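Per TrEMBL, these features apply:
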- 1-404: domain 'Major facilitator superfamily (MFS) profile' (DOMAIN)
- 38-59: transmembrane segment (TRANSMEM)
- 66-86: transmembrane segment (TRANSMEM)
- 92-113: transmembrane segment (TRANSMEM)
- 125-148: transmembrane segment (TRANSMEM)
- 154-176: transmembrane segment (TRANSMEM)
- 209-230: transmembrane segment (TRANSMEM)
- 242-264: transmembrane segment (TRANSMEM)
- 276-294: transmembrane segment (TRANSMEM)
- 300-321: transmembrane segment (TRANSMEM)
- 333-359: transmembrane segment (TRANSMEM)
- 374-394: transmembrane segment (TRANSMEM)
Ligand SMILES: N[C@@H](Cc1c[nH]cn1)C(=O)NCC(=O)O
């Protein structure tokens, strides 16, 4: 069951990131400007984030199997549509539906993990799920580059979409909502009741703690991988483009390698989950401070330390989901997961735009010849988010520790009420 759910998540991450290496091909095929190309990713991510809370509510109501089925069908048809699109509007609509299908995946997989595994195993399996999922983005890089050049746009994307029917068959055959029930439905709810459920999830200090953990831990890795890592390393730290590429790939290696370690630590010491999150944040702050304060260009070993520290932030963000799980009753778990997942998205958007804005401010005219000084100031935007996030984590961890006894948390049980 978990293998099938995990494969669906890996493929969703693949579809999500499959445009990253196809930018040039997309520009030629649809005759796009740079901002039109950016709109693909922006729209897809916005839909993904905007759907987190509604999808969480749908999972609580209809069960993960049903919503995951809808997700696989949606993302497969969307990717097939993207393969066949011949105009910019058609391709844009296809990317919107890729974001929609993607939004239906992760929450369902986490819900299945919490129904199928024992409380002590859940943190480790959750981490393995998150880390393994990132393999999808590796598959979307090298094999997709090859497929685009050898098979061409339409065939490459159609082959990617062809995984859908296979996954759908496996899902329908093997995935049940719980070991006892094929479908686990929640109560039908009026709009008012839905709002009440959301309110109740948000009112739980544990959901807020999860939100702030997910807000504070992964944005540094997103900042480097999504946009600014490459120019920062090349223009400010003076490494070659090849070394910059290797350092950015090392982030994914750190994500995949540190996930299981964090899962084991958190599974064995659930009372200290937020301490682990805070320690990971402290590690990133120290590494960034050393790099930014280093006179001139930082040595390579320090840049390696930096990317590894940032990579650990991805798995640390999964602690947020675990806190949300143990702070909410099962029938509200998915909506709490949706709320928590939005935290990481908000922080990533703020930091990517914040760094861009400071770079623009520090660089006269419309030049993109950013200086090391401009990069130092721009990257320092992160301290504001770390500061706010760490304070909120501290605040809500104090509240959660008052609400949930240590024995309850260490028993790994899901809170009821
Ligand atoms: N925190 C990420 C997943 C992750 C795990 N390890 C590194 N990254 C997350 O929230 N993912 C949501 C999704 O839909 O992928």
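Note that Cβ sites are derived from N, Cα and C of the backbone, with glycine treated the same way.
Predicted automatically and left uncurated, TrEMBL annotations should be read as such.
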Quickly jot the same-chain residues contacting the transmembrane segment (125-148) by Cβ under 8 Å, restricted to those at least six beyond its ends, or write none. 2, 5-6, 9-18, 20-22, 25, 106, 109-110, 113, 117, 155-156, 159-160, 252, 255-260, 262-263, 266, 314-315, 317-318, 321-322
Might you confirm whether the transmembrane segment (242-264) is in contact with the transmembrane segment (300-321), defined here as three or more C-beta pairs under 8 A between residues 6 or more apart in sequence? yes
Sequence-remote contacts (6 or more beyond its ends) of the transmembrane segment (209-230), Cβ cut-off under 8 Å? 241, 244-245, 247-248, 251-252, 255, 274, 277, 280-281, 284, 288, 307, 310-311, 313-314, 316-317, 319-324, 327, 336, 339-344, 346-348, 350-352, 355-356, 378-379, 382, 385-386, 389-390, 392-393, 396-397, 399-400
For the transmembrane segment (333-359) against the transmembrane segment (276-294), do we get 3 or more Cβ-Cβ pairs below 8 Å once near-sequence pairs (under 6 apart) are dropped? no
Under 8 angstroms for C-beta pairs, at least 3 of them, ignoring pairs fewer than 6 apart in sequence. Is the transmembrane segment (38-59) in contact with the transmembrane segment (242-264) by that rule? no
